[in-house]
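Remarks on the structure that follows.
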Amino acid sequence: MFLQGSMSFAALTLFLLLPTVPYQAHASSRGSLGRNINPPVYGICTSSVIVHGYKCQEHEVTTDDGYILSLQRIPEGRGKGNDSRSRKQPVIIQHGVLVDGMTWLLNPPEQDLPLILADNGFDVWIANTRGTRFSRRHISLDPSSPAFWNWSWDELVSYDLPAIFNYVFSQTGLKINYVGHSLGTLIALASFSEGKLVNQLKSAALLSPIAYLSHMNTALGVIAAKSFVGEVTTLFGLAEFNPKGLPVDAFLKSLCAYPGIDCYDLLTALTGLSKNCCLNFSTVDLFLMNEPQSTSTKNMVHLAQTVRHGVLTKFNYVRPDYNIMHYGEIFPPIYNLSNIPHDLPLFISYGGRDALSDVRDVENLLDNLKFHNEDKRSVQFIEEYAHADYIMGFNAKDLVYNAIVSFFNHQVNT
């Protein structure tokens with residue numbers, strides 16, 4: 001998300017008040033288990049990759065629980081950035097909550113991470129989470145059905161990421177590098193902690209990582225998170241969380257009535273978006289033409305639980321009998337991040353002005369990784385960066401993306 005990137009509640013509420021237009025990809029296919037298909041007229045490849053002179057393929061992947069996900073493949077670069085490797089190292093790029101893969105492609109091509117990676121000799125795969133505009137299909141369920149939306153980020157850990165990794169691995173035969181932003185870091189860390197994906201994974205770059213959200217410091221975001229767990233489930237059930245829908249709009253307005261919450265200056269009250277140092281207005285405008293995307297209400301409730309309780313667990317059904325039914329125990333299991341293999345190469349970058357991925361929460365994450373092999377963990381801190389700078393910052397190539405390329409290249413040579 002703009003704030004998304006995964007974001008959190010800040011992002012969520014911001015989206016509710018920002019003007020949007022109908023879902024049509026705008027630029028600066030879709031795709032069993034998996035297959036390459038003809039691109040849709042307004043797909044990401046057509047609107048935002050091919051127009052810049054890059055090859056791009058639309059693929060689709062079906063998860064074990066029946067969701068059909070869209071993937072875009074950029075198999076090579078367009079110019080001198082290409083190298084001579086015949087089998088290019090694959091990279092999966094995963095967005096955050098309330099946005100889709102388009103958020104990586106809103107700047108000029110020389111500033112967009114997927115295209116930078118392609119020009120540096122990588123085989124790039126852009127993921128699109130279930131429920132977003134190009135991943136709103138299922139083998140038997142319709143998005144109009146509440147059953148389609150009965151999932152949280154637990155299912156992204158258990159189904160979406162494994163399906164995408166299996167498909168990319170089957171297409172390339174090579175271990176995979178991974179880039180995640182915001183929620184894309186959370187689901188990766190949870191997966192790695194359970195031993196998922198690690199046999200297919202070469203390395204991972206985590207931007208604005210969120211595993212803990214206890215110090216998220218935007219007033220409206222905190223209020224939204226605290227309100228989500230109880231009343232939202234009653235208000236929305238377990239269906240679609242559509243930031244443009246009337247029920248969500250009404251919910252936001254109720255939050256704005258809290259004492260001390262000033263919804264007039266939304267960027268500040270909400271996500272601290274005003275703290276982003278390096279966004280062009282034209283990129284923000286393009287962002288607003290493409291986002292927000294839907295997610296499930298259950299997913300937002302699960303994120304709210306993380307804010308409220310400060311512990312990374314599976315979805316808490318609150319009622320002990322429901323938790324026992326799902327997990328065989330009264331309380332939901334914890335994702336123990338210290339179980340992440342200590343020899344897994346990790347690049348972690350976080351910003352000093354990030355109101356969502358707060359420095360104290362990232363330090364908590366790093367403490368959980370304190371036994372990680374020192375030569376396998378690379379940590380970057382950028383004092384002036386906030387959440388959206390990592391995906392849309394005009395100087396992200398110089399400050400972050402070049403470091404990711406070097407990190408991935410180092411893994412190729414080790």
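Quick reminder: no glycine exception, Cβ is built from N, Cα and C everywhere.
Per TrEMBL, the feature signal peptide maps to 1-27.
Residues annotated as domain 'Partial AB-hydrolase lipase' in TrEMBL: 51-107.
The active site, nucleophile annotation in TrEMBL covers SER182. Its Cβ taken as reference, SER182 (active site, nucleophile) is surrounded by 32 other Cβ atoms within 10 Å in the chains shown.
Counting every protein chain shown, the number of other Cβ atoms lying within 10 Å of the Cβ of ASP354 (active site, charge relay system) is 29. Positions annotated as active site, charge relay system by TrEMBL: ASP354 (among others).
Around HIS387 (active site, charge relay system), taking its Cβ as the centre, 35 other Cβ atoms fall within 10 Å, counting all chains. The active site, charge relay system annotation in TrEMBL covers HIS387 (among others).
Cα to Cα, SER182 (active site, nucleophile) and HIS387 (active site, charge relay system) are separated by 8 Å.
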